[in-house]
Amino acid sequence: MEHIRTPKVEQVKLLDRFSNKSVIGTLHLTATHLIFVESNSTSAQEIWILHHHIASVEKLSLTTSGCPLLIQCRNFRLVHFVIPRERDCHDIYSSLLRLLRPVSYDELYAFSYNPKQNDQQREEGWQLIDLAAEFERMGVPCDQWQLTDVNREYKVCETYPRDLYVPITASKPIIVGSSKFRSKGRFPVLTYFYQEKKAAVCRCSQPLSGFSARCLEDEHMLQAISKSNHNSRYIYVMDTRPKLNALANRAAGKGYENEDNYSNIRFQFVGIENIHVMRGSLQKLLEVVGTRSLSMTDYLVGLENSGWLRHIKAIMDAAIFLAKAVTVEGASVLVHCSDGWDRTAQVCALGSLLMDPYYRTIKGFMVLIEKDWISFGHKFADRCDQLDPDPKEVSPIFTQFLECVWQLTEQFPQAFEFSEWFLIQIHEHVHSCQFGNFLGNSQRQREVLQLKERTYSLWAHLLSEKQNYLNPVYSPSFAESHPVLEPSTQACHFKFWRNMYHQYDRSMHPRQSILKQVLTFKESNRELEGTVQALKTKLQKFGVSTSPLKPQTPPRDRSLPLRPQSLILGAPLLSRKEVQQEEDEEVFGEEAREDAPASTDGERTVEGSSATENGYGELTGSFGSKNEPAVVTLEFGVARMTC
Amino acid sequence: MELSEHIKTANVEDVTLRRPFHPALRGTLCVTSHHLLFSDRKDEASWQLLILLKNIDAIEKSVENLFGYPRAMGSSGTITIKCKDLLVLQLEIPGMEECLNIASSIEALSSLESVTEMYPFFYRPSHLTLNGPWGLSSTEQYYKQTERLWDRWRVSTVNSDYSVCPSYPSAVIVPREVDDDKLIRSARFRQGGRFPVLSYCHHRNGMVIMRSSQPLTGANKKRCKEDELLLQAVIDGSELGYIIDLRSAQQAQQARMTGGGFESKSFYSHWKRIHRHHERGKIVQESLIKLVEACSDPSHSVDRWLSKLENSKWLSHVHSALSTAGLVVECVERDGHSVLVHGSEGTDNTLLVSSLAQLILDPASRTVTGFLCLLEREWIQAGHPFQQRCAHSAYSHARLKQECPIFLLLLDCVWQVWRQFPLALEFSEALLLRLAQEVYASNYGTFLCNSEQERCAAGVKENTHCLFQSLLRPDIEEQYLNPLYEPTDLAIWPSVHPQSLQLWTGLFLRWTEYAQNMEEAREEVWSIVKEHHEQAGPDRTNNTLSTHCDTLTPFENLMDELTIL
C-alpha cells in the first residue's frame with residue numbers, strides 16, 4: 001500500500017478505443033487492482049484491472065482536457081484514460097510503475113489471494129491433477145517403459161520434474177551420459193504413450209553436437225527408445241526449428257543429431273520460428289488490429305505481414321506430422337527444439353491432443369497443460385513476464401498453443417468438451433498470478449516457493465465453474481468415431497481469433513451468441529429433467545404410477561430461461577444467483593430507460609449494438625451528443641477475481 | 001432447333017465419377033435436354049446425382065490418345081464439370097467419341113439463351129399446380145399492409161404498360177401530391193426511366209427509403225422541375241433528407257460527361273448528398289472469380305491465402321455494402337430523416353443497399369416470409385437483371401458480358417448479419433445457400449428474365465412455378481428455420497470492423513469436409529433446442545413448433561398429478 005499516493009481520482013474520462021465515445025468516472029487504485037467506476041448511475045459499468053495484467057503504462061503528452069494515460073494489458077485489453085490534473089496522473093502513473101514491477105514472488109497476487117477456503121479444500125484442489133495417474137492411464141509403466149528416480153533430487157536436470165519415464169533398457173549411466181550431451185541436461189524422456197501401437201512421444205533438448213561431437217550414451221538412449229517399440233524399425237527425430245537456426249547453433253557447440261551416428265533415425269526439421277520472432281509477430285498483429293477505422297485491405301495485408309497465422313499453422317503442421325507418424329506409421333517420435341521447453345511443449349501437447357480424445361475434455365486438457373507445460377518446465381515466469389522482467393525472454397508461446405487448440409475447435413465443433421471461454425480463461429490466469437499453478441519457471445522452483453501450501457490451484461477454481469466452459473454441442477460419440485483428429489491444413493481454415501485479441505473491445509463482437517443460447521437451453525433441459533425426476537420420486541412415495549395422463553389443459557406459456565448479461569455474449573454463464581441479480585438490474589435498467597425523457601433519444605438497439613460504435617461514417621458527428629443506451633455489463637474474468 | 005438435337009450420345013456406361021472428399025463411383029451417365037444424370041450400378045439403394053445443365057458453369061475436357069489410336073486401345077476422356085454452385089466434379093468416360101459428344105452436348109445445352117426453353121418451363125412436379133396466384137405479394141398489397149403510407153403516399157399505375165420505365169413493375173408507390181404526368185417527366189430525367197419510388201417506410205417514425213437511378217443532368221447541368229418537386233414531396237414538412245450516392249464524388253462528376261450526373265445542392269436544397277464508393281459490374285464479378293480461385297488453391301501457405309483473399313477484394317465489397325447500409329439506417333432510425341439511394345442504373349448496388357438497410361431496420365423482413373417478400377419486392381419486381389447478372393458464375397471461361405454477383409453479395413451480407421445476430425433472423429444459413437444456388441440454376445421461374453416486363457412477355461407467371469411459394473410450404477420451410485429465432489423489434493446494427501467480418505465458409509468452402517463437421521454441429525444445436533421445446537413446453541406462440549404441442553409435456557403431466565393429490 002505504501003506505493004499508492006493517490007488512491008482515488010474523480011472525473012476521469014475513459015476513451016473508447018475504436019470510436020469517439022467516452023465515459024466519465026472515478027478511478028480507484030488499490031493494492032491489487034486499478035478500478036474504474038462509471039459515474040452514470042444507470043449503466044455504471046465497472047472495469048477492474050489486475051496489476052499483474054498490466055504490461056505497460058504510458059503517459060502521453062498533456063492535452064487541453066487533461067493528461068492521457070495509456071494502459072496496455074497482457075490479456076490484450078487497452079484502456080485510455082484522460083485524467084484532468086497532471087499531478088494526479090503522474091501519481092497514478094508512478095504508483096502503477098512500481099506496483100506492476102513486483103520485485104519478489106511474495107508480492108504476487110497469488111500469495112495474498114484468499115477465496116475463503118480452508119486448508120483441506122486447498123489441498124484437495126492441488127490433488128485434482130495427478131500426473132502419475134495420467135501416465136498410468138496411458139499404460140505406463142509397462143514392459144518397455146519404467147519410472148526412473150534418477151532426477152529425484154533434481155540432480156540430473158533441474159528444469160525437469162522429479163518423476164520421469166524412460167525405456168527399461170536405458171540404464172542410469174546412459175541417462176546421465178545422455179543428459180550431459182543435451183542442452184540444460186534435458187535428456188530424452190517419455191511424454192505420451194500411444195498404447196494402441198506401443199509408440200512413444202519423447203521430448204528433450206538439442207544435442208551438444210557442435211560440428212562433430214558424439215555421445216555414445218545419447219546414441220544408446222535413442223536406440224533404447226527405438227527398441228522399446230516393436231512396431232517400427234525406426235524412430236523420427238523432429239527438430240522443430242528451422243534448419244538454418246539449427247545450423248547456426250552448431251557454431252555454439254550445440255546443434256542436431258547426425259543421422260550417420262544414430263542408427264535407424266529419420267531426422268526431420270519442422271521450421272517453427274524462435275521466441276523472438278513470435279514476440280515480434282504478435283506485436284505486429286496487435287498493432288494492425290488496434291488501428292482505428294481499419295480498412296479491409298489494410299487488415300488483411302497487416303494480418304499477412306504479421307506472419308502470426310503462418311506461425312500458428314507451422315505449429316499445427318508439426319503436431320499433425322507427429323500425430324501421423326505415431327498413429328499411422330506406429331513409429332515413436334523424439335521431439336526437440338533448442339532447450340526443449342517452448343516449441344517442444346507446443347508440438348508435444350498439440351500432437352497428444354490430436355491423438356487422444358481425453359485431452360479434449362476439460363479435465364484432460366488441464367492434465368495436458370500440467371504435464372507438457374508446467375511439469376516439463378515451460379518458463380512461465382519468464383515468458384509471461386511475472387517477475388524481474390527481461391523483455392527478451394517474454395514470448396507468447398503458450399498463447400499460441402491455446403490459439404492452435406481454438407483453431408481446432410473451429411474445425412471440429414463437436415470434438416471438444418470445452419468452449420473457447422475455457423481457453424481464454426486459462427490465458428487470463430496464466431498472466432493474472434492469482435493462482436499458484438503457473439508461477440515460476442520449473443517444478444523445482446515451485447517447490448521452493450511452497451506454492452501448494454501458500455497458494456490455490458486454478459484447476460479447482462475452473463472445475464468449480466465448469467458449467468460455464470462447456471461446449472453445448474460436444475459429442476462423446478464424435479470422439480469414438482474420430483479418436484484421432486485430422487485437421488485440414490488448408491490455409492483458409494486458419495482464422496483470426498477475435499474473441500481472444502479483442503476480448504475487451506465490445507463493439508467488435510456479435511451481439512447475440514449461439515453458444516450462450518444453446519448453453520442456456522441445455523442447462524434448463526437438465527434442470528427440468530431434474531425436476532421431473534424429483535416429482536416422479538414424490539409421486540412414487542404417494543404410490544401413484546407415472547403413466548402419462550391425457551392432456552387436459554392447454555400448455556401454459558413459459559418465459560424463456562434467464563439470460564445472463566456479460567460484456568461478450570457467449571462468455572460464460574454466471575451462477576444462478578448472480579444471474580438473478582443481473583437480470584433484476586437489467587429490468588430496472590430497461591424501465592429507467594423507458595421512463596426517461598427524450599434525452600436518451602428513445603433509441604433502442606439490440607444488446608448494445610449501435611451506430612456510433614460501428615462508425616458507418618460521415619454522420620457520426622451529428623450524433624456525438626446523444627447518449628448510448630444503458631447496457632449492464634460485467635467484466636469477464638476480472639470482476640470475479642475480487643471474491 | 002430442338003433441344004434433343006444437341007444430344008449426340010445420350011447414355012454412357014462405366015463412367016467413373018469423382019467428387020471431392022468422396023470415394024470414386026462407377027455408374028451410368030445420361031444426358032437429357034436439361035439434366036445430367038449419374039446413377040451408380042448397385043441394384044439396391046442406388047445413388048443418383050442429378051445436375052441441372054444450367055448449373056454447369058464451365059466444362060473442361062482432356063482426352064487421352066486424341067490422335068492416332070483406335071478406340072479399341074481403351075482410350076478414354078475426362079470431363080471436369082464446374083458448377084455455378086461451386087461444386088467441381090470429374091467424370092471419366094470410356095471412349096473418346098462419347099466423351100467429346102457428351103462434352104459438346106453439355107456445352108450447348110448449358111448455355112441456352114432463350115428463356116422459354118429453360119427448365120422451369122418444363123418442370124411439372126405432381127404436388128404443384130400452375131393455377132393460382134404467382135408470387136408472394138405485390139406493390140398494392142404492400143401498400144395495403146403499410147398503414148403509415150395511406151396518408152401521404154399512393155400507388156401509381158403510370159407504368160402499367162411498362163412504357164415509362166421498362167425495368168419497373170407496373171405499380172409503384174409515390175408521394176400522393178405528385179401526379180402521373182410529373183412522374184413521366186421525372187422518369188425522362190432519370191437513367192432508364194427509374195424515377196424515385198418508395199422502397200421502405202419505417203414503422204417507427206414514418207421516414208422512408210427511396211431509390212432511383214442517377215439524374216441525367218449531363219455536362220451542362222440540366223435540371224428537371226418535376227424531379228425536384230417529387231423529391232420535395234418526399235420530405236414534405238421535415239427540413240432535410242439524405243441522398244446516398246453509391247459512387248465517389250469524382251465518379252459522379254465524371255458521369256456528367258456521359259449524360260449522367262447527380263442532384264446538385266442548388267436545385268435540391270433540402271437534400272444532403274453523401275458519396276460512398278461501391279464497385280460494380282465486372283470488378284465485382286472478377287472479385288468473385290478470384291475469391292473462388294483462392295478458396296480452391298491447393299497450396300497451403302497462409303501468406304499466399306491471405307494475399308489472395310485480400311487481392312480478391314470480396315470482403316471489401318461486403319464491408320462497403322454493410323457500412324453503407326448502416327449509414328442509411330443511421331439516417332432513418334437515429335437521425336429521423338428520409339433517404340434516397342442511387343448509383344448509376346439503380347438496378348444493382350442501389351437494391352443491395354436498400355434491402356440490407358431494411359433487414360437491419362425492419363423486424364418484419366427478418367422472418368422467412370418477410371425476407372422472401374423483401375427479395376421479391378426489392379430484387380425481382382424492382383428489376384434486378386437476374387438473367388444478365390447470373391448468366392455465368394466463378395468458373396466460366398466465356399467472355400464476361402453483364403455478369404455481376406450482386407445478389408450473391410447480398411446473401412453474403414445477410415449471412416454476416418446473421419453471424420452477428422444469430423437469434424434475430426427466423427431463417428437459417430440453409431435458406432441463403434439454397435437461394436445462392438437457385439439464382440444461378442433453378443427448377444422455378446422466379447429468377448428468370450431481367451424485369452417484370454420480360455417476365456410478362458415470356459409468360460413466366462403462367463408457365464412456371466414460383467420458388468418463394470414453394471419454399472414457404474410448411475414441410476419445406478421447416479428445413480430453413482433458425483431454431484434459435486427470438487424476434488426482436490429493435491434495429492440490428494452490424495459491426496463493420498474488418499475483424500468482425502468473415503469469409504462465408506458455408507458457401508465458399510461448401511464442398512469440403514469442414515462443411516460436414518459444421519452440419520453435424522448444427523444438427524446437434526437443433527436437437528438441443530427441440531429437446532428444450534419438448535420439455536419446457538412452447539414458449540413461442542408464432543412458431544410452427546408450438547402448434548404441435550397438443551400433448552402435455554412430461555413435466556406438466558407430473559405437475560398435474562401432484563395437484564390432484
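Note that Cβ sites are derived from N, Cα and C of the backbone, with glycine treated the same way.
Features reported for this protein in TrEMBL:
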{"type": "ACT_SITE", "residues": "A:Cys337", "note": "active site, phosphocysteine intermediate"}
{"type": "BINDING", "residues": "A:Asn274, A:Ile275, A:Cys337, A:Ser338, A:Asp339, A:Gly340, A:Trp341, A:Asp342, A:Arg343", "note": "substrate binding site"}
{"type": "COMPBIAS", "residues": "A:590-606", "note": "compositional bias 'Basic and acidic residues'"}
{"type": "DOMAIN", "residues": "A:125-501", "note": "domain 'Myotubularin phosphatase'"}
{"type": "DOMAIN", "residues": "A:306-350", "note": "domain 'Tyrosine specific protein phosphatases'"}
{"type": "REGION", "residues": "A:543-562", "note": "region 'Disordered'"}
{"type": "REGION", "residues": "A:578-627", "note": "region 'Disordered'"}
Distance, A:Cys337 (active site, phosphocysteine intermediate) to A:Asn274 (substrate binding site) (CA atoms, angstrom): 9
Neighbour tally for A:Cys337 (active site, phosphocysteine intermediate), based on other Cβ positions within 10 Å of its Cβ: 27
Alpha-carbon spacing, A:Arg343 (substrate binding site) to A:Cys337 (active site, phosphocysteine intermediate), which is rounded to whole Å: 6
For the domain 'Tyrosine specific protein phosphatases' (A:306-350), the number of residues DSSP places in helix, strand and coil: 29 helix, 5 strand, 11 coil
Residues near A:Asp339 (substrate binding site) in space but at least six apart in sequence (CB under 8 A): A:Ser183, A:Lys184, A:Arg186, A:Ser205, A:Gln206
Non-site residues, in chain order, whose CB comes within 8 A of the mean position of the CB atoms of A:Asn274, A:Ile275, A:Cys337, A:Ser338, A:Asp339, A:Gly340, A:Trp341, A:Asp342, A:Arg343 at substrate: A:Ser205, A:Thr240, A:Arg241, A:Thr344
Sparsest-packed among the binding-site residues, when each Cβ's other Cβ atoms within 10 Å are tallied, from A:Asn274, A:Trp341, A:Arg343: A:Asn274
Helix, strand or coil at A:Asn274 (substrate binding site) [DSSP, three-state]: coil
Span of the substrate site, taken as the largest CA to CA distance across A:Asn274, A:Ile275, A:Cys337, A:Ser338, A:Asp339, A:Gly340, A:Trp341, A:Asp342, A:Arg343 (Å, rounded to a whole number): 12
